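Visitor: What follows is a single structure, and I will ask about it in a moment.
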Amino acid sequence: MSDNAQLTGLCDRFRGFYPVVIDVETAGFNAKTDALLEIAAITLKMDEQGWLMPDTTLHFHVEPFVGANLQPEALAFNGIDPNDPDRGAVSEYEALHEIFKVVRKGIKASGCNRAIMVAHNANFDHSFMMAAAERASLKRNPFHPFATFDTAALAGLALGQTVLSKACQTAGMDFDSTQAHSALYDTERTAVLFCEIVNRWKRLGGWPLSAAEEV
């Protein structure tokens, strides 16, 4: 059997990338002008047999940056009151500094080289996180500047569904629509969905690659 067929480590599975599941809730669609209000992150790990699973969860309510737009339609959609003192919101710097610190530790521990965002319709979440990191002057951003794993695309391929709730249900997972549009809940569901898609491909024999497929 080839050496490649024995690879079960996280660093081997994604070409040295360390996948981190992210979801954000915002006050609009423009990452440069609209507020980031909530962010959750879940790191992933692999067991000794190469099965992917969620690992560490981080979750923060975020204070709107100075001068941020707060679109009423977006707030009505996600139900967030940015002025609610019970949110326990922190600055963009505090939230991302803690997430990046945990992610960098995970990269080192797993032998990976760089983090890659996993998200549902990932361009949206990626743009908001990157804009917030720039505003916060966080220089050591561990995430790839543009590459992502988009579970909307992956679920469309693997399950024939692109909506998060429908993809989860098709995969045999629970999805509580009353908890949707919470960054924490959506991140948890996205993490389990991504793991299921990756593990399903393994169960079907798609990974590890056969000797004939090795480059």
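Glycine is no exception: its Cβ is also placed from the backbone N, Cα and C atoms.
Reproduced below are the annotations present in Swiss-Prot:
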type	residues	note
ACT_SITE	H181	active site, proton donor/acceptor
BINDING	D23	Mg(2+) 1 binding site
BINDING	D23, E25, H181, D186	Mg(2+) 2 binding site
DOMAIN	20-194	domain 'Exonuclease'
SITE	F29	site 'Important for substrate binding and specificity'
SITE	E73	site 'Important for substrate binding and specificity'
SITE	F77	site 'Important for substrate binding and specificity'
SITE	F124	site 'Important for substrate binding and specificity'
SITE	F146	site 'Important for substrate binding and specificity'
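Relative to the rest of the structure, where do these features sit?
Guide: When other Cβ atoms within 10 Å of the Cβ of H181 (active site, proton donor/acceptor) are tallied across all protein chains shown, the result is 15.
With a 10 A radius on its CB, D23 (Mg(2+) 1 binding site) counts 29 other CB atoms from all the protein chains.
The Cβ neighbour count for F29 (site 'Important for substrate binding and specificity'), using a 10 Å radius over every protein chain in view, is 13. In three-state terms derived from DSSP, F29 (site 'Important for substrate binding and specificity') belongs to neither a helical nor a strand segment and is classed as coil.
With a cut-off of 8 Å between CB atoms and residues at least 6 apart in sequence, the same chain places nothing near E73 (site 'Important for substrate binding and specificity').
Neighbour list (F77 (site 'Important for substrate binding and specificity'), Cβ cut-off 8 Å, at least 6 residues apart, same chain): H181. A helical conformation is recorded for F77 (site 'Important for substrate binding and specificity') in the three-state DSSP classification.
Sequence-distant neighbours of F124 (site 'Important for substrate binding and specificity'): residues of the same chain at least 6 apart with a C-beta under 8 Å from its C-beta are V24, F29.
In the three-state DSSP classification, F146 (site 'Important for substrate binding and specificity') falls within a strand.
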Visitor: Run through the Cβ atoms and count how many others sit within 10 Å of the one on E25 (Mg(2+) 2 binding site).
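Guide: E25 (Mg(2+) 2 binding site): 25 neighbouring Cβ atoms within 10 Å.
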Visitor: For F146 (site 'Important for substrate binding and specificity'), write down the residues of its own chain that are at least 6 apart in sequence and whose Cβ falls under 8 Å from its Cβ; none is a fine answer.
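Guide: In sequence order, H126 meet the Cβ cut-off.
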Visitor: In angstrom units, rounded to an integer, how far apart are the Cα atoms of D23 (Mg(2+) 1 binding site) and D186 (Mg(2+) 2 binding site)?
Guide: 7
Visitor: Can you count the other CB atoms that lie within 10 A of the CB of D186 (Mg(2+) 2 binding site)?
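Guide: Cβ-Cβ neighbours of D186 (Mg(2+) 2 binding site) within 10 Å number 25.
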